[in-house]
Amino acid sequence: MAVRAPFLFSEILQVFSAVTKTDTNHYELKHRGSTWNEKTAPIPNTHQLPALSAEQVTMRQTDSLCIISQRDETISSQPSPPSVFSAVGNTSQQQQQDQPHRDHYQDFAQSHWDTVLQRPIDYTGCLTLAAQGTLHLPEALYFPFPLAAEVTVNDLISALPPRESCEYLIIQYFTRISPFFHILHGPTFQKQFADFVKDTASCDLSWLALLFLIFSATLKTIDENDNVINSISPKSSHGPNIAAISDRYRALAMICLCKDRFLVRYRLSTLEALLVLVYTISHNEGAEQSWVILGMASNIGIALQCNAAKPDPNLSLVERERRRRCWAGILLLHTYQAILFRDVDMSSLINDYTTMPANVNDTDILENRILQPSTQPTQMSVMIFKITLFQLSARICKELSDAKPLTEGRLFALDAEVASEQQRWSSVFLVDGTPSLLDSSSYALLCGLDVYAHQLYLLLHRPFSRPANQPRYRPESRQKCITSSLALLDIYRKWTELPHFSNYRWYAYGVVGSCTLHGAVTLASCLLEQTDQEIDISAERKAFDAAVLRLNKLQERSSLYVKAYPVLRQLQSMLSPDSIPRSSEATQEFGTNFDDWIDNVQWLDPESIDWSSKYTLRKPRRKPLTPEQKNYLSAAIRVNQTGELGAVLIYAAQTPIVVNQHPELRQLMQHMYNQESGHLSTFNDLITKHRIRPTIMYPLWQVLATGLGWATAVMGKETAMACTEAVETEIGTHYNEQVQEVIKIIQGWEQEGYEAGPEILELLQTLRRIRDEELEHLDHAVDHDAKKAPLHDLLTGFVRASCRAAIHVKKMHYSDFASCGSMQCKTPDLDAAH
């Protein structure tokens, strides 16, 4: 039986054309203001160009895959402010007057397309999609083939930012992004831009796509406070949305490429545009999402003979080098894929007949000759190094994916090759072994290369760093994993904190951030498996804690950090010296599951990482609280809530009097009062959450606590501080006893093979935190002359005895209610909390 070949894209376009020609004669695009003649008219300095509507940029979901053409349908838009290039305009509103006919036409077109493409699912019927990145947004359903035949070249040009903003974004691209991915020949691009400004009517649509993609990529690297944002963003009460503007420029770029029929008619600017697009997606959204588009770019590069050893003799040296740089960009982008798809052999992309671009600066390439290479780093140095790194990473990943395990001999050889590459990089980018003070980009480029080197170290040594009872275990490999993980965390610190990295800060929020997380969890794994008590790991633990804190502050920068942070916090808790010891069986099971999870994660594809699994890959076993444990925890929460109420009242009574006599203590008294108020709020929430009945003796505690605070404050600062010393001594001891009791409960579960639930672990952390803050208040009191209070020992003894008596009364009062069954029915949620 003959099998029908899949539809070619040209056939799909023919079908689409037949479907949409039904009523195109009646389709009209109208604007307020004058119409721009895109064929002949030059751009005047002050002219109002029509703004591109949102419906023109991306097809609305109600429009499906067809263009709706109605006799009475018009699209209007507001004119743009005067400039050489008009700013992004306001969203247009489309008037719909013949809805029944429209729906019938749409249903016919949709069913026709479903037949052609044989799609079982109507994606256009989905109203919402999960926010998993730019490519998952509704307007990207047709990416990279937006069907926008009604958009004219004039519409696309009018959507450009003002000329000054265009120039600024181009400068920022060549400053921030180009050093890491230098595929564009700067002087050539500058000439192309100047020609475009002089005559926009005859512009190359693929080059216009490249311009939009440069803007889109650059906007992902600049700060929201940058002045250029105000000139290109629509006015909004919620402030500018840089991500939305960047995505809009990307959509406009794809419209340009489709109008230029880039799949059947391509040129060098087409390839350059696709490579910038793939680099942006790989860095910000994951290398896996750019795989298909990279394949397009590779085939276009072959068709343009970018990898030919003997290029077209009619080409100038500049044009030859532009092609070779594009091929170098293709190979560089495959570095991501080689690490991501380790079982795919990509070494065939490197052929003997491929000629690499010259390792020179843009200004060294003349029309008829290339100047001698510089002894200093050039604009192409990173590209050249990364191509060699691609060859090495492809071989490493191929050997790691073989059915035969990697031998120690091959481990030593490949490790040595990576180290040799690092030495080459350092010899070029460092000056006498230190970063250059005159070239801030060189050290950033070196750090970028080192990220990949340490990523390869982790891939190589992880199989040999698993627990000591494994046959392939090598202590040297475990130490290498620790060293490389620490190096990744340190590089990330430099990128996010050092001032001279400010232009390249964006690089830390994409692939580098994902590699940093790989280093962090690998470091945690190695430290958790460290059984030798004589080895001091405090420095490594401190570095891990600092990295977790740093990533916490940067959660707003990336959804990846938001997903990863809870896992990192849990690992941090397990690495803490105060962590609860786990049974040997639980430790072994956790270590095995955690290591398997680390080794199976695709670290260069952040969207694929399943952080919600909590890295254990198994359903935790939980044991319900016993009635005694429920009663104890309920009583503890209730007693703590009453105690914090008393503390707040004491500070409220003391503060006005003490501050009036000693204004210098205002900040300290306010600080302690705020913390006590926070403690009270915490236990109020727990009381409500677990349905524990609060104290009915509030009036009594209010009188006693307020009276104690007022009386000690009137007697002077020293007496007030002595009161704080006594109260916090008892309260701190009380909290410490509760901490020990909760730890005992959790350890009992661990010994029986059960896990503590997240809420009881959170309760333990809360008790520890509040205990430490109460003891901090004790230290403040002693530092501010508590010991100098008259009759200090008698006063503190009386206050401490009063606190113990109050705690005892509250416990006894609670027990009376618990014994009659009242509290059992009041606290059923404590089991659920565990």
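A Cβ is built for glycine as well, from the same backbone N, Cα and C atoms used for every other residue.
Because TrEMBL annotations are produced automatically, they should be read as predictions rather than curated entries.
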With Glu676, Glu774, His777 listed by TrEMBL as binding Fe cation 2, identify the candidate in Glu718, Glu728, Glu730, Glu737 belonging to that site.
Glu728
Candidates Glu644, Glu725, Glu741, the one TrEMBL lists with Glu676, His679, Glu774 as binding Fe cation 1:
Glu644
In whole Å, how far does the CA atom of His777 (Fe cation 2 binding site) lie from that of His679 (Fe cation 1 binding site)?
13
Please work out the number of neighbouring Cβ atoms within 10 Å of the Cβ of Glu728 (Fe cation 2 binding site), leaving out its own Cβ.
24
Count the Cβ atoms, other than its own, that fall within 10 Å of the Cβ of His777 (Fe cation 2 binding site), considering every protein chain shown.
23
Pairwise CA distance, Glu644 (Fe cation 1 binding site) versus Glu728 (Fe cation 2 binding site), rounded so that it is a whole Å:
11
Which residues in the same chain, at least 6 apart in sequence, have a Cβ under 8 Å from the Cβ of Glu676 (Fe cation 1 binding site)?
Glu644, Ala647, Val648, Tyr651
Summarise the model confidence on the domain 'Xylanolytic transcriptional activator regulatory' (172-400) as a single mean pLDDT, whole number.
86
With every protein chain in view, what's the tally of Cβ atoms within 10 Å of the Cβ of Glu774 (Fe cation 1 binding site), excluding that atom itself?
27
Other residues, Cβ within 8 Å of Glu676, Glu728, Glu774, His777 Cβ centroid (Fe cation 2 site):
Ala647, Met672, Gln675, Thr724, Val727, Ile731, Gly732, Glu773, Leu775, Glu776, Leu778
In terms of DSSP three-state secondary structure, what is the assignment for His777 (Fe cation 2 binding site)?
helix
